[in-house]
Amino acid sequence: MFKIPFLDLPPLRGAAGTVRLPGSKSISNRVLLLAALSEGRTVVRDLLASDDTAVMLDALRALGCGVAKDGDTVTIVGLGGKLLAKQAHLFLGNAGTAMRPLTAALAVMAATQGGSFEVSGVARMHERPIGDLVDALRGLGCAIDDLGNSGYPPLRLRGPSPLALDAPVKVRGDVSSQFLTALLLALPLVAEKDIRIEVIGELISKPYIEITLALLARFGIAVRREGWEAFVIPAGSRYVSPGEIFVEGDASSASYFVGLGAIAAADAPIRIEGVGSASLQGDVRFIEAAAAMGADVKAGPNWLEVRRGAWPLRGITLDCNHIPDAAMTLSVMALYADGPTTLTNIASWRVKETDRIAAMATELRKLGATVEEGPDWISVEPLKNWKAASIHTYDDHRVAMCFSLAAFNALVTERTVPVRVLEPHCVAKTFPDYFETLFDVVTARAEDIPVITIDGPTASGKGTLADETAKALGFAVLDSGALYRVTGLAARRAGLNLDDGHAVAAIVPTLKLGFRDGHVFLGEEDVSARLRAEATGLLASQVAVHPPVRQALHDLQLSFRRLPGLVADGRDMGTALFPGADLKVFLTASAATRAERRHKQLISKGISANITSLREDLEARDERDKNRSASPLEPAQDALLLDNSDLSIEESVTQVLDWWQQRRPF
Ligand SMILES: Nc1ncnc2c1ncn2[C@@H]1O[C@H](COP(=O)(O)OP(=O)(O)OP(=O)(O)O)[C@@H](O)[C@H]1O
Ligand SMILES: Nc1ccn([C@@H]2O[C@H](COP(=O)(O)O)[C@@H](O)[C@H]2O)c(=O)n1
């Protein structure tokens, strides 16, 4: 996950490949609660690992459930409907799928078994309505205290208190379908007689209720549905664990890749694994909306293949009540259409993680789009004159994921712009590795992928500065010195004459190099520590003088230029490898400072060293690097010089990030 303040997406141009979706959020949290209410053990496979499931799991632990995690499999030992803990304070973040059902289940259990439970969340959760559910539960006889504003969390659920289950339980269905879901999940716990739930108003988001009913059936509860107006939980209902259950991929998350295929999969399709025509989730019907806009979609039971069909996309007008979450994706696809796109019946957007109608309208306008909005609709015009924009994400995962599709503006305009996504880690709510997954299947022109080069003499701090800068921007790192070091080491081990450039160059293609978690592998051997030895540095500078060796390493170094960007450190990054780099830094420090730092570095690793000979070695290495004919160590003409003799690491990084920001259009 990109845990950084912003992520810049350079212009993207194509897409192809296979994406495996994370588990559905809606199914994951429902299944966890059902497993917790059942008796015995339930093995839940392919569970979504995200913020929302994490708060649910924490809550279940606090209530006394057994929870054992092994990768994306979680085993729950349920309560069998009996409260083990009679008091708990449950923090539920911004997870509506945890807040609403837990409120109902705990209110009902506290009423019948006694206890006191507080449920709270982040500030936005305390602005998300729950009053209709609370009213329904109070109507039943549950004792619920408002701990903040009436009608919103936080709440206290306490008991015992007598329940009146003879009359129908009434709940509004026109604000959030989660209120009805919460009652459907909670009331089987007390269904000694038939319990009838009646919906007031037009029920929205019906497909989510279908998920609830299907999962209830898997756990032994056969709810009788009377149209969408009434639901009857049969007398004697009892949760029975299915033993093992698989969570299907998240259909709402699929929408970004369906949109991606429609916009950018011009040659080969995007294959999406984990949802398909047999999916329980209503958002799978997003494919119909995407097809109406022009996407070419094929569907199997648990997979989708999407490629570009009509281009430009077609503007549409669509009632999106059945796909409220996925529909947000359409509003960004609309930028690539041939006419306006109007999405209606989306009032629920206003009470989600943020006011999504306002958020989408504001951020689309930043890109230059003409957008109109109403209480329950949004209309977006196609965009021709794109502006580089810094997209605010409102702590809303879907805003962040949707706007990644704006990075394909190169497909409709000559004047391409990058897109900055602020706080990209908000995707952790449902799809922590969203951007990594996206980068695996999209393509950009190499010259569009930003590069920062950091060249300079030995021990000036290039590697440290490159690592920290890359971390701040989410970029990859090329430690080109490591490639010369590994070549020198391998040549020495092979007994080669290091003055024979052709012989040394010939072993480069045979090296079985691996780069994993910041370590360098030669075959199966982790040679990272060996490479950092001073002696290996000297071997490196000996082999680095040969043009054939430099040529042999050339393409390998270029291959590090990957999305979303690269920081490359070495001696000739700005002069030879990336002459068009967006920012070039030439980093220096006095020889005395550098020798002192290297000395400290070695001593801290428990390696004894002599500061005078270290200084002699590094000066000798610098001399050789400066005076060789092939790509000598020298600043590029357009490099910015940074002498960090008197700067801390943090100050150096801040300087480079300032220079970088000055070059950005945001
Ligand atoms: N600005 C700085 N202030 C203090 N110490 C620093 C600074 N920059 C780097 N260092 C320290 O100096 C040492 C050498 O830094 P680093 O290994 O990054 O240099 P390098 O230029 O990449 O070296 P080489 O050329 O040998 O690969 C490290 O211990 C690092 O923590
Ligand atoms: N772009 C580069 C990088 C390194 N070298 C040579 O490798 C030696 C080791 O580099 P470190 O950065 O790991 O210290 C260095 O002294 C150079 O001779 C190079 O030529 N070009």
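The backbone N, Cα and C atoms fix where each Cβ goes, and this holds for glycine too.
Unlike curated records, TrEMBL annotations are generated automatically.
Matching Asp58, Asp146, Asp325, Asp376 to the 3-phosphoshikimate binding residues that TrEMBL gives (Lys25, Ser26, Arg30, Ser176, Ser177, Gln178, Ser205, Lys352) identifies Asp325. Applying DSSP to the region 'Disordered' (618-637) sorts its residues as follows: 10 helix, 0 strand, 10 coil. You'll find the Cα of Gly96 (phosphoenolpyruvate binding site) roughly 54 Å from the Cα of Thr458 (ATP binding site). When the Cα of Ser177 (3-phosphoshikimate binding site) is compared against those of the binding-site residues Thr458, Ser460, Thr464, the shortest separation belongs to Thr464.
Within the set of binding-site residues Gln178, Gly456, Thr458, Thr458 have a CB atom less than 6 Å from some atom of ligand 2. For the recorded ATP site, residues Gly456, Pro457, Thr458, Ala459, Ser460, Gly461, Lys462, Gly463, Thr464 set the reference point as the centre of their Cβ atoms, and the other residues of that chain within 8 Å of it by Cβ are Leu465, Asp569, Leu587, Ala589, Arg594. A gap of 7 Å separates the Cα atoms of Arg128 (phosphoenolpyruvate binding site) and Lys352 (3-phosphoshikimate binding site). Most other Cβ atoms within 10 A: among the binding-site residues Ser177, Ser205, that distinction falls to Ser177.
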